[in-house]
Amino acid sequence: MRAAKKLKAQTVSGYSNDSNPFGDSNLNEKFVWRKKIDRDVSQGVPLDTFSVKAEKKRQKERMAEIEKVKKRREERALEKAQHEEEMALLARERARAEFDDWEKKEEEFHFDQSKVRSEIRLREGRTKPIDILSKHLNGSDDMDIELNEPYMVFKGLTVKEMEELRDDIKMHLDLDRATPTHIVYWEALMVVCDWELAEARKKDALDRARVRGEEPPAELLAEERGLHSTIEADVKNLLEGKTHRELEALQSQIESQMRTGTAKVVEYWEAVLKRLHIFKAKACLKEIHAKMLRKHLQRLEQPSEGEDRLESDNGLRPVEEASDHDEKVDAETYSPELIIQEETHEVEEEAGSFSPELLHGDENEEAIDPEEDRAILERKRIAVLEEQQRRMQEALKSKPAPSEDNFELKAMKAMGAMEEGDAVFGSGAEVNLDSQVYWWHDKYRPRKPKYFNRVHTGYEWNKYNQTHYDHDNPPPKIVQGYKFNIFYPDLVDKTKAPVYTIEKDGNSSETCIIRFHAGPPYEDIAFRIVNKEWEYSHKKGFKCTFERGILHVYFNFKRYRYR
């Protein structure tokens, strides 16, 4: 009891009798376990065990154990946090790997779908350039083999078509890596495509400048080709006939000369090296194409050899059986060689045509020569066509050219009288298009078509406008429709009607561009209109016709009724 009184403290672990979460008013007093002490003393435990010094020692041991427990708990919490962080990192890595796998599978799926679409286009006869290139590499018995080299597909393509083809080649280069031949094939095609695209862009820029009557761009003039026009053909002939291995040897020879300084005209050889990698790619494509042709030829020859072997086996067996039978019946029989010769002669006779021969029963009969009859028929057809063209030209000469006023009167008659909210449209809303070079610019002088357009505006009496406006104070007018009349009196090909397309107006979602396109000699013309959904019903005013040289495009926007 004395030891307990001496060890009594004001606070225990920061708690006092008045303030502690346990509701204990005797928290500071030490507990004395009388019965246990009596038992221990009766059993011979020394009294020093219950002294103040011994109690302080036990208290220190307890506090040290508590500190160890606290430390272990903190270490466990830290280990748990580290473990959770490692598990989260592993989960992220697993999710990233799964995402990469999904992305790869998605790319492979799109690639497989592109091959299926390519086969469908090839079967239906609406091939694209990438279909022809794929057919060069993956020839099948179902499709006819291409005889031209793969790089010939770039001839006649526009800049836009070449850019699309480059994207397709890039996709095949990234995904079609089944064999080294496929990789080399698509890499060579990418080199040739980049060169052809650069040349097409350069030619397009020069054509634009020539049509506009301007000087060519400065970067084109400043570009150093390294070859004079008289020498360029010789260099082309030098590089064109060589194989891929010969071109590589030539390249290493030129590079060694340039390194050692023995090359006299460095600019010339640099320009030759620029063209050399193009011809190397073309030679590589030519070799791959020749290899694919040989494989296709072998596939075609194998079944035919099997059929010939079958026919020869079936043809010789009856002869031998017949010869054995004849030897038994008669000793003087024909030799097998003679029998084979006779049978082959009969086969040759049977292989001919079964059409009856021409018998000339009467010497005075008139026989018609088929070649002469065909020539007479062709002359008659040409005469009929010339007569039709002459009549059309006479009709065009006799018909007076329609005036613009006459066209405007026809357009006004087609549109009807001006209503409230109608206004003339087009002068301020016409969009300046980028100048385009057409194939017919050298033959016809390009011109913009005339037009007579009208815009219809009105009020929209929805719930909001009915609440906040009335007829004395009306709401703002909105565009409700357009009427376009584009005049094409001098179209060269009157059988093809002009067309219109809707294009985006940059980043604006409020407006869009309507573009009208016709054949020569008219350039495209475009207007900026409101971007809303059209009403395509004829009862609601829609009209799209081309008659008497006027393209009529009338439409109103849909009106949404809110309840």
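Even glycines carry a Cβ here, placed using N, Cα and C.
Caution: TrEMBL annotation is automatic and unverified by curators.
The annotation coiled coil is assigned in TrEMBL to 56-100. As annotated by TrEMBL, compositional bias 'Polar residues' applies to 10-21. The compositional bias 'Basic and acidic residues' feature in TrEMBL is assigned to 306-331. Marked as domain 'Splicing factor cactin central' by TrEMBL: 92-289. Under the heading domain 'Splicing factor Cactin C-terminal', TrEMBL lists 440-563. Taken from TrEMBL, the feature region 'Disordered' applies to 1-21, 299-335.
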**Prompt:** So what's the average pLDDT for the coiled coil (56-100)?
**Reply:** 90
**Prompt:** Using DSSP, how many residues in the region 'Disordered' (1-21) fall into helix, strand and coil?
**Reply:** 5 helix, 2 strand, 14 coil
**Message:** Using DSSP, what is the helix/strand/coil residue split across the domain 'Splicing factor Cactin C-terminal' (440-563)?
**Reply:** 9 helix, 58 strand, 57 coil
**Request:** State the non-local partners of the coiled coil (56-100) in its own chain: residues 6+ outside its ends, Cβ under 8 Å from one of its Cβ atoms.
**Result:** 7
